[in-house]
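Novice: Not my notes, these are from TrEMBL:
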DOMAIN    109-203  domain 'FtsX extracellular'
DOMAIN    226-285  domain 'ABC3 transporter permease C-terminal'
REGION    13-47  region 'Disordered'
TRANSMEM  71-94  transmembrane segment
TRANSMEM  223-245  transmembrane segment
TRANSMEM  266-285  transmembrane segment
Amino acid sequence: MNKRDAMNQIRQFGSKFDRLRNAAGGSGGGRNAPKRPKAAPNPASRKSNVFNEQVRYAWHGALQDLKSTPLATFLTVMVIAISLTLPSVCYMVYKNVSSAASQYYPSPQITVYLEKTLDDDAAARVVGQLQAEQGVDKVNYLSRDEALGEFRNWSGFGGALDMLEENPLPAVAIVVPKLDFQSTEALNTLRERVSRIQGVDEVRMDDSWFARLSSLTGLVGRVSAMIGVLMVAAVFLVIGNSVRLSIFARRDTINVQKLIGATDGFILRPFLYGGAMLGFSGAFLS
(Lines of atoms letter the chains of each structure in order from A and count residues from 1; the text may use other names and numbers.)
(Lines give C-alpha, C1' and ligand atoms only; values in the text may rest on other atoms or scores of the structure.)
Protein backbone atom coordinates (compact mmCIF):
# COMPACT_ATOMS: atom_id res chain seq x y z
CA MET A 1 0.00 0.00 0.00
CA ASN A 2 1.46 3.33 -1.10
CA LYS A 3 1.19 6.58 0.75
CA ARG A 4 -1.73 7.82 -1.34
CA ASP A 5 -3.89 4.75 -0.58
CA ALA A 6 -3.18 5.09 3.15
CA MET A 7 -4.27 8.72 3.13
CA ASN A 8 -7.51 7.79 1.30
CA GLN A 9 -8.38 5.14 3.91
CA ILE A 10 -7.74 7.58 6.72
CA ARG A 11 -10.04 10.15 5.11
CA GLN A 12 -12.78 7.51 4.56
CA PHE A 13 -12.55 6.40 8.21
CA GLY A 14 -12.76 9.99 9.35
CA SER A 15 -15.82 10.65 7.23
CA LYS A 16 -17.55 7.51 8.59
CA PHE A 17 -16.72 8.56 12.16
CA ASP A 18 -18.17 12.01 11.52
CA ARG A 19 -21.40 10.49 10.15
CA LEU A 20 -21.73 8.17 13.18
CA ARG A 21 -21.12 11.06 15.56
CA ASN A 22 -23.69 13.24 13.84
CA ALA A 23 -26.24 10.40 13.88
CA ALA A 24 -25.68 9.82 17.58
CA GLY A 25 -25.97 13.52 18.25
CA GLY A 26 -29.26 13.72 16.33
CA SER A 27 -30.90 10.74 18.04
CA GLY A 28 -29.63 11.51 21.58
CA GLY A 29 -29.89 15.23 21.43
CA GLY A 30 -32.28 15.16 24.36
CA ARG A 31 -29.64 13.54 26.52
CA ASN A 32 -26.90 15.92 25.44
CA ALA A 33 -29.13 18.97 25.76
CA PRO A 34 -28.48 21.11 28.81
CA LYS A 35 -30.62 20.01 31.77
CA ARG A 36 -32.96 22.41 33.54
CA PRO A 37 -31.93 23.14 37.09
CA LYS A 38 -34.04 21.38 39.76
CA ALA A 39 -36.33 23.46 41.95
CA ALA A 40 -34.98 24.15 45.41
CA PRO A 41 -36.75 22.11 48.13
CA ASN A 42 -39.32 23.92 50.31
CA PRO A 43 -37.77 24.65 53.74
CA ALA A 44 -41.10 24.06 55.55
CA SER A 45 -41.58 20.70 53.82
CA ARG A 46 -38.02 19.70 54.63
CA LYS A 47 -38.48 20.63 58.29
CA SER A 48 -41.74 18.65 58.43
CA ASN A 49 -40.06 15.61 56.95
CA VAL A 50 -37.25 15.85 59.49
CA PHE A 51 -39.73 16.13 62.37
CA ASN A 52 -41.75 13.16 61.12
CA GLU A 53 -38.60 11.10 60.85
CA GLN A 54 -37.62 12.05 64.40
CA VAL A 55 -41.05 11.09 65.70
CA ARG A 56 -40.90 7.75 63.88
CA TYR A 57 -37.46 7.11 65.33
CA ALA A 58 -38.70 8.00 68.83
CA TRP A 59 -41.69 5.63 68.62
CA HIS A 60 -39.47 2.88 67.29
CA GLY A 61 -36.97 3.42 70.09
CA ALA A 62 -39.73 3.41 72.73
CA LEU A 63 -41.15 0.14 71.41
CA GLN A 64 -37.72 -1.44 71.35
CA ASP A 65 -37.08 -0.40 74.95
CA LEU A 66 -40.38 -1.91 76.11
CA LYS A 67 -39.77 -5.11 74.18
CA SER A 68 -36.27 -5.48 75.57
CA THR A 69 -37.65 -5.83 79.14
CA PRO A 70 -41.01 -7.63 78.77
CA LEU A 71 -41.35 -8.69 82.42
CA ALA A 72 -40.64 -5.24 83.82
CA THR A 73 -42.99 -3.70 81.25
CA PHE A 74 -45.78 -6.15 82.16
CA LEU A 75 -45.40 -5.54 85.90
CA THR A 76 -45.39 -1.77 85.41
CA VAL A 77 -48.54 -1.89 83.29
CA MET A 78 -50.29 -4.09 85.89
CA VAL A 79 -49.36 -1.74 88.73
CA ILE A 80 -50.75 1.20 86.77
CA ALA A 81 -53.93 -0.73 85.96
CA ILE A 82 -54.52 -1.66 89.61
CA SER A 83 -53.79 1.89 90.76
CA LEU A 84 -56.41 3.22 88.35
CA THR A 85 -58.95 0.49 89.19
CA LEU A 86 -59.04 1.11 92.95
CA PRO A 87 -60.43 4.68 92.72
CA SER A 88 -63.11 3.47 90.31
CA VAL A 89 -64.12 0.68 92.70
CA CYS A 90 -64.25 3.09 95.65
CA TYR A 91 -66.38 5.52 93.66
CA MET A 92 -68.80 2.73 92.74
CA VAL A 93 -69.06 1.73 96.42
CA TYR A 94 -69.79 5.34 97.37
CA LYS A 95 -72.48 5.67 94.69
CA ASN A 96 -74.11 2.38 95.72
CA VAL A 97 -74.13 3.35 99.40
CA SER A 98 -75.68 6.72 98.58
CA SER A 99 -78.27 5.10 96.31
CA ALA A 100 -79.18 2.49 98.93
CA ALA A 101 -79.44 5.16 101.60
CA SER A 102 -81.85 7.24 99.54
CA GLN A 103 -83.89 4.26 98.31
CA TYR A 104 -84.29 1.95 101.30
CA TYR A 105 -84.26 4.37 104.21
CA PRO A 106 -87.26 6.62 104.86
CA SER A 107 -86.91 10.34 104.57
CA PRO A 108 -86.47 12.20 107.88
CA GLN A 109 -89.59 13.67 109.45
CA ILE A 110 -90.35 16.25 112.10
CA THR A 111 -93.16 15.44 114.54
CA VAL A 112 -95.00 18.53 115.78
CA TYR A 113 -97.30 18.22 118.84
CA LEU A 114 -99.92 20.94 119.03
CA GLU A 115 -101.33 22.43 122.22
CA LYS A 116 -104.32 20.57 123.62
CA THR A 117 -106.31 23.76 124.02
CA LEU A 118 -106.48 24.37 120.27
CA ASP A 119 -109.75 23.67 118.53
CA ASP A 120 -110.01 22.30 115.00
CA ASP A 121 -109.96 25.74 113.33
CA ALA A 122 -106.89 26.89 115.27
CA ALA A 123 -105.15 23.59 114.54
CA ALA A 124 -105.91 24.02 110.82
CA ARG A 125 -104.33 27.49 110.90
CA VAL A 126 -101.20 26.07 112.55
CA VAL A 127 -101.03 23.36 109.88
CA GLY A 128 -101.29 26.05 107.20
CA GLN A 129 -98.39 27.93 108.76
CA LEU A 130 -96.35 24.74 108.84
CA GLN A 131 -97.09 24.09 105.18
CA ALA A 132 -96.00 27.63 104.30
CA GLU A 133 -92.59 27.23 105.93
CA GLN A 134 -89.61 27.16 103.59
CA GLY A 135 -88.33 23.65 102.97
CA VAL A 136 -91.58 21.85 103.87
CA ASP A 137 -92.81 19.38 101.27
CA LYS A 138 -96.04 18.25 102.91
CA VAL A 139 -97.74 18.08 106.31
CA ASN A 140 -99.76 15.07 107.54
CA TYR A 141 -102.23 16.13 110.23
CA LEU A 142 -103.80 13.86 112.85
CA SER A 143 -106.49 15.32 115.07
CA ARG A 144 -106.78 14.35 118.73
CA ASP A 145 -109.53 11.86 117.99
CA GLU A 146 -107.58 10.30 115.10
CA ALA A 147 -104.47 10.01 117.26
CA LEU A 148 -106.49 8.33 120.00
CA GLY A 149 -108.02 5.90 117.49
CA GLU A 150 -104.64 4.88 116.10
CA PHE A 151 -103.23 4.46 119.58
CA ARG A 152 -106.22 2.30 120.53
CA ASN A 153 -105.73 0.08 117.48
CA TRP A 154 -102.08 -0.78 117.87
CA SER A 155 -101.63 -0.51 121.66
CA GLY A 156 -104.39 -2.90 122.82
CA PHE A 157 -105.31 -0.65 125.74
CA GLY A 158 -108.80 0.12 124.52
CA GLY A 159 -110.44 -0.69 127.87
CA ALA A 160 -108.04 1.51 129.80
CA LEU A 161 -108.57 4.39 127.40
CA ASP A 162 -112.33 4.15 127.84
CA MET A 163 -111.88 4.74 131.55
CA LEU A 164 -110.27 8.13 130.92
CA GLU A 165 -112.49 11.16 131.23
CA GLU A 166 -110.80 13.09 128.42
CA ASN A 167 -108.47 12.43 125.51
CA PRO A 168 -104.89 12.68 126.79
CA LEU A 169 -103.33 12.79 123.32
CA PRO A 170 -102.65 16.07 121.49
CA ALA A 171 -103.11 16.72 117.78
CA VAL A 172 -100.05 15.80 115.74
CA ALA A 173 -98.62 17.28 112.54
CA ILE A 174 -95.94 15.26 110.76
CA VAL A 175 -93.75 17.55 108.65
CA VAL A 176 -91.95 16.00 105.66
CA PRO A 177 -89.08 18.24 104.44
CA LYS A 178 -88.04 18.64 100.82
CA LEU A 179 -85.05 16.81 99.42
CA ASP A 180 -82.91 19.96 99.55
CA PHE A 181 -83.62 20.34 103.29
CA GLN A 182 -82.86 16.80 104.46
CA SER A 183 -79.37 17.47 105.71
CA THR A 184 -78.74 17.61 109.44
CA GLU A 185 -78.10 21.38 109.46
CA ALA A 186 -81.20 22.15 107.39
CA LEU A 187 -83.39 19.94 109.58
CA ASN A 188 -82.18 21.65 112.76
CA THR A 189 -82.89 25.06 111.23
CA LEU A 190 -86.38 23.97 110.16
CA ARG A 191 -87.03 22.55 113.62
CA GLU A 192 -86.17 25.85 115.27
CA ARG A 193 -88.49 27.78 112.95
CA VAL A 194 -91.35 25.35 113.54
CA SER A 195 -90.95 25.50 117.33
CA ARG A 196 -91.48 29.30 117.25
CA ILE A 197 -94.94 29.01 115.65
CA GLN A 198 -97.75 29.92 118.06
CA GLY A 199 -99.82 26.88 119.04
CA VAL A 200 -96.93 24.42 118.83
CA ASP A 201 -96.31 22.63 122.10
CA GLU A 202 -93.36 20.37 121.29
CA VAL A 203 -91.21 19.45 118.30
CA ARG A 204 -89.39 16.15 118.04
CA MET A 205 -87.07 14.93 115.35
CA ASP A 206 -85.80 11.36 115.35
CA ASP A 207 -82.72 12.00 113.26
CA SER A 208 -80.24 9.74 115.04
CA TRP A 209 -80.37 7.10 112.30
CA PHE A 210 -80.28 9.79 109.63
CA ALA A 211 -77.22 11.43 111.21
CA ARG A 212 -75.41 8.09 111.40
CA LEU A 213 -76.29 7.30 107.80
CA SER A 214 -75.12 10.73 106.62
CA SER A 215 -71.87 10.33 108.52
CA LEU A 216 -71.30 6.88 107.01
CA THR A 217 -71.99 8.11 103.49
CA GLY A 218 -69.70 11.11 103.95
CA LEU A 219 -66.94 8.89 105.36
CA VAL A 220 -67.14 6.56 102.35
CA GLY A 221 -66.98 9.56 100.02
CA ARG A 222 -63.94 11.06 101.76
CA VAL A 223 -62.11 7.72 101.82
CA SER A 224 -62.85 7.23 98.11
CA ALA A 225 -61.52 10.68 97.26
CA MET A 226 -58.37 10.14 99.33
CA ILE A 227 -57.69 6.76 97.72
CA GLY A 228 -58.24 8.27 94.28
CA VAL A 229 -55.72 11.05 94.89
CA LEU A 230 -53.14 8.63 96.31
CA MET A 231 -53.53 6.18 93.44
CA VAL A 232 -53.21 8.89 90.78
CA ALA A 233 -50.05 10.11 92.49
CA ALA A 234 -48.79 6.51 92.57
CA VAL A 235 -49.37 6.20 88.81
CA PHE A 236 -47.23 9.25 88.12
CA LEU A 237 -44.52 7.98 90.46
CA VAL A 238 -44.47 4.55 88.80
CA ILE A 239 -44.26 6.02 85.29
CA GLY A 240 -41.59 8.51 86.35
CA ASN A 241 -39.52 5.81 88.02
CA SER A 242 -39.80 3.59 84.93
CA VAL A 243 -38.62 6.42 82.67
CA ARG A 244 -35.77 7.20 85.07
CA LEU A 245 -34.58 3.59 85.03
CA SER A 246 -34.74 3.54 81.23
CA ILE A 247 -32.62 6.68 81.03
CA PHE A 248 -30.12 5.21 83.48
CA ALA A 249 -29.88 1.97 81.48
CA ARG A 250 -29.14 3.88 78.25
CA ARG A 251 -26.79 6.47 79.69
CA ASP A 252 -23.91 5.34 77.44
CA THR A 253 -26.07 5.70 74.33
CA ILE A 254 -27.17 9.14 75.51
CA ASN A 255 -23.56 10.24 75.96
CA VAL A 256 -22.73 9.14 72.42
CA GLN A 257 -25.78 10.98 71.05
CA LYS A 258 -24.69 14.14 72.81
CA LEU A 259 -21.20 13.83 71.39
CA ILE A 260 -22.54 13.77 67.82
CA GLY A 261 -24.77 16.79 68.46
CA ALA A 262 -28.19 15.38 69.42
CA THR A 263 -30.48 17.83 71.22
CA ASP A 264 -32.08 17.17 74.60
CA GLY A 265 -35.52 16.99 73.00
CA PHE A 266 -34.39 14.37 70.52
CA ILE A 267 -32.85 12.30 73.33
CA LEU A 268 -35.81 12.57 75.72
CA ARG A 269 -38.57 11.98 73.15
CA PRO A 270 -38.32 8.13 73.12
CA PHE A 271 -38.49 7.98 76.92
CA LEU A 272 -41.51 10.27 77.06
CA TYR A 273 -43.28 8.21 74.42
CA GLY A 274 -42.47 5.05 76.37
CA GLY A 275 -44.00 6.52 79.54
CA ALA A 276 -47.11 7.54 77.63
CA MET A 277 -47.45 4.03 76.21
CA LEU A 278 -47.20 2.55 79.72
CA GLY A 279 -49.86 4.92 81.02
CA PHE A 280 -52.30 4.30 78.17
CA SER A 281 -51.80 0.53 78.41
CA GLY A 282 -52.53 0.56 82.14
CA ALA A 283 -55.59 2.76 81.65
CA PHE A 284 -56.88 0.43 78.94
CA LEU A 285 -56.53 -2.62 81.19
CA SER A 286 -58.22 -0.89 84.12
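Glycine residues also receive a Cβ, built from the backbone N, Cα and C atoms like all the rest.
Computed from a predicted structure; not experimentally measured.
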Novice: Per DSSP, how many helix, strand and coil residues does the domain 'FtsX extracellular' (109-203) have?
Specialist: 45 helix, 22 strand, 28 coil
Novice: Work out, from DSSP, the number of helix, strand and coil residues along the domain 'ABC3 transporter permease C-terminal' (226-285).
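Specialist: Going by DSSP assignments, the domain 'ABC3 transporter permease C-terminal' (226-285) contains 55 helix, 0 strand, 5 coil.
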